[in-house]
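Presented below is the structure to which this report refers.
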Amino acid sequence: MGTEFIDNNSSSHNEYHDHEKELDAGALFVLKSKGSWVHCGYHLSTSIVAPPLLSLPFAFASLGWWGGILCLVIGAIVTFYSYNLLSMVLEHHAHLGRRHLRFRDMANDILGPRWGKYYVGPIQFMVCYGAVIGSTLLGGQCMKAIYLLLNPNGAMKLYQFVVIFGGLMLILAQMPSFHSLRHINLISLLLCLAYSACATIGSIYIGNSSKGPIKDYSISNDKETRIFGVFNAIAIIATTFGNGIIPEIQATIAPPVKGKMFKGLCICYAMLSTTFFSVAISGYWAFGNKAEGLILSNFTQNGHNLVPKSFIFLTNIFTILQLSAVAVVYLQPTNEVLERTFADAKSSEFSTRNVIPRLISRSISVIISTTIAAMLPFFGDINAVIGAFGFLPLDFVLPVIFFNLTFKPSKKKPIYWINMSIAVFFSVLGVIAAVAAVRQISLDAKTYQLFANV
């Protein structure tokens with residue numbers, strides 16, 4: 001049995017090296033397969049356990065206690081299950097000698113070339129680039145919060161802070177490969193624990209003091225507002241659990257890949273359970289239906305700080321630093337496309353022929369995302385639409401379809417019907433959540449203004 005295991009490993013390595021000769025520049029340089037399952041855990045944690053979790057108390061405000069906790073538990077179970085199914089499909093194809101390094105490669109092979117080219121590829125790009133823009137905007141908002149903390153009458157505008165954050169991104173975007181982010185993503189994991197602990201401690205402190213608002217957990221009496229609020233909240237929770245780059249993360253693992261993604265997911269979901277539930281429950285307990293879209297906004301009320309100034313400063317610093325790591329992780333699919341388009345796979349990764357196009361193309365990519373973030377400070381509303389159209393199909397629907405089409409389980413087996421139920425339920429939910437998000441945009445449209453200082 002030991003000999004058979006060694007032979008399998010050796011054949012996996014040979015298959016990988018044979019395949020490596022045929023890789024394009026994007027796969028060869030950006031999606032290097034050199035990482036361990038621990039590095040995989042860092043990448044997964046940064047891509048999922050990110051500052052959008054600070055919106056969870058706001059989602060609870062539309063769902064109530066039981067609805068909020070139930071949606072959070074279902075989201076955790078379904079995404080852990082879906083990501084494992086996706087990993088099993090990837091491992092199966094790698095064992096057959098067709099290792100898929102990109103989501104669209106999977107779709108090409110399993111659903112057909114048109115699905116990869118015209119559906120999966122575009123929505124993945126939209127979701128990931130949307131996450132970069134959203135992170136840049138949120139980074140600018142956190143910088144502005146620190147500025148107003150230190151200089152309450154300051155005249156600097158939001159778009160100026162967005163540009164400063166974009167400057168940081170210009171530097172980080174030049175990290176050559178996904179694998180080269182492993183140390184940044186370890187720090188990111190620790191930063192996420194830090195600001196989640198700050199958000200939880202701050203909420204408990206305010207909730208136990210007389211400074212906070214009167215706790216009110218009632219949900220709107222207006223039927224239309226209540227129904228759309230529920231679906232909007234579900235879209236927020238689904239987006240918070242969203243990833244969209246599982247194949248690209250698994251591509252960073254050195255062969256043989258079997259079992260490594262599961263260990264990485266265990267690291268990620270240990271982090272997720274600790275942070276999501278503590279922030280959501282403590283924030284909703286302290287502020288009830290007055291929870292803001294970003295729970296840190298509740299720490300200041302009518303210009304008065306409800307927690308010490310240094311505490312707000314520190315929490316925002318942790319959040320800004322992790323946002324930069326999140327943004328650079330979600331830049332990787334864009335970087336891979338740029339590298340494939342402009343780089344030469346036959347030249348060295350760090351040759352002048354490849355370094356100059358990389359520097360120029362990635363800088364232009366960051367400048368575009370920063371400009372959009374500065375122009376559209378209401379991008380959060382747009383991101384809800386992107387989440388409904390993008391994260392729900394990529395993370396909830398496609399993994400179970402890929403599994404059924406790859407392994408072809410019998411219709412008599414429960415797994416077939418569990419997967420089909422997930423696919424149908426979350427497809428319908430995605431459509432309804434998209435309608436709710438578009439409705440929210442129409443309601444907020446009158447307040448929209450380019451380069452607004454919100």
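Cβ coordinates come from backbone N, Cα and C, glycine included.
Annotation source TrEMBL lists domain 'Amino acid transporter transmembrane' at 34-438.
Under the heading transmembrane segment, TrEMBL lists 63-83 (among others). Non-local neighbours of the transmembrane segment (63-83) in the same chain are 48, 56, 217, 219, 230, 233-234, 237-238, 240-241, 243, 246, 261, 265, 269, 272-273, 276-277, 280-281, 284, 395-396, 399-400, 422, 426; each lies 6+ residues outside the stretch with a CB under 8 Å from one of its CB atoms.
Annotated transmembrane segment per TrEMBL: 118-138 (among others), in sequence order. For the transmembrane segment (118-138), the residues of the chain that approach it from at least six positions outside its boundaries are 50-52, 103-104, 106-107, 111, 162, 165-166, 169, 242, 244-245, 294, 319, 323-324, 326-327, 330-334, 337, 369-370, 372-373, 376-377, 379-380, 382-383, 386-387, 389-391, 393-394, 398, judged by C-beta separation under 8 angstroms.
The annotation transmembrane segment is assigned in TrEMBL to 158-175 (among others). Outside the transmembrane segment (158-175) by six or more residues, the chain places 132, 136-137, 139-141, 143-144, 147, 181, 184, 320, 323-325, 327-328, 331, 335, 358-359, 362-363, 365-367, 369-370, 373-375, 377, 451-454 with a CB less than 8 A from a CB of the stretch.
What TrEMBL records for 187-207 (among others) is transmembrane segment.
The annotation transmembrane segment is assigned in TrEMBL to 227-246 (among others). Outside the transmembrane segment (227-246), and at least 6 residues removed from its termini, the chain residues within Cβ reach (under 8 Å) are 44, 47-48, 52-53, 55-56, 58-63, 67-68, 71-72, 75-76, 79, 83, 86-87, 90, 103, 124, 127-128, 131, 219-220, 261, 272, 276, 329-330, 332-333, 383-384, 387-388, 390-392, 394-396, 399, 426, 429, 432-437, 439-440.
Sequence-distant contacts of the transmembrane segment (267-287), counting only residues of its own chain at least 6 positions beyond either end whose CB sits under 8 Å from a CB of the stretch, comprise 38, 41-42, 44-45, 48-49, 53-54, 56-57, 59-61, 65, 68-69, 72, 76, 80, 189, 192-193, 196-197, 199-200, 203-204, 206-207, 212-213, 215, 217, 240-241, 295, 298. Feature annotation from TrEMBL assigns transmembrane segment to 267-287 (among others).
For 311-331 (among others), the entry in TrEMBL reads transmembrane segment.
Per TrEMBL, transmembrane segment is recorded for 359-379 (among others).
Remote same-chain residues near the transmembrane segment (385-405) are listed as 78-79, 82-83, 85-86, 88-89, 103, 106-107, 110-111, 120, 123-124, 126-127, 130, 235-236, 238-239, 241-244, 246, 416, 418-420, 422-423, 426-427, 429-431, 433-434, 436-438, 441 (criterion: CB distance under 8 Å, separation of at least six residues from the stretch ends). The annotation transmembrane segment is assigned in TrEMBL to 385-405 (among others).
What TrEMBL lists as transmembrane segment is 417-438 (among others). Same-chain residues lying 6+ beyond the ends of the transmembrane segment (417-438) with a Cβ under 8 Å from its Cβ atoms: 78, 82, 85, 228, 231-232, 234-235, 238, 381, 384-385, 387-389, 392-393, 396-397, 400-401, 403-404, 409, 411.
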Hey, which bits of the same chain come close to the transmembrane segment (359-379), Cβ under 8 Å, at least six residues off its ends? 129, 132-134, 136-137, 140, 158-159, 162-163, 165-166, 169-170, 173-174, 331, 334-335, 338, 341-342, 444, 447-448, 450-454
Should anything in the same chain at least six residues away from the transmembrane segment (187-207) have a Cβ under 8 Å from its Cβ atoms, list it; otherwise answer none. 42, 45-46, 49-51, 53-54, 57, 215, 271, 274-275, 278-279, 282-283, 285-287, 295-296, 298-299, 306-307, 311-312, 314-315, 318-319, 321-322, 325-326
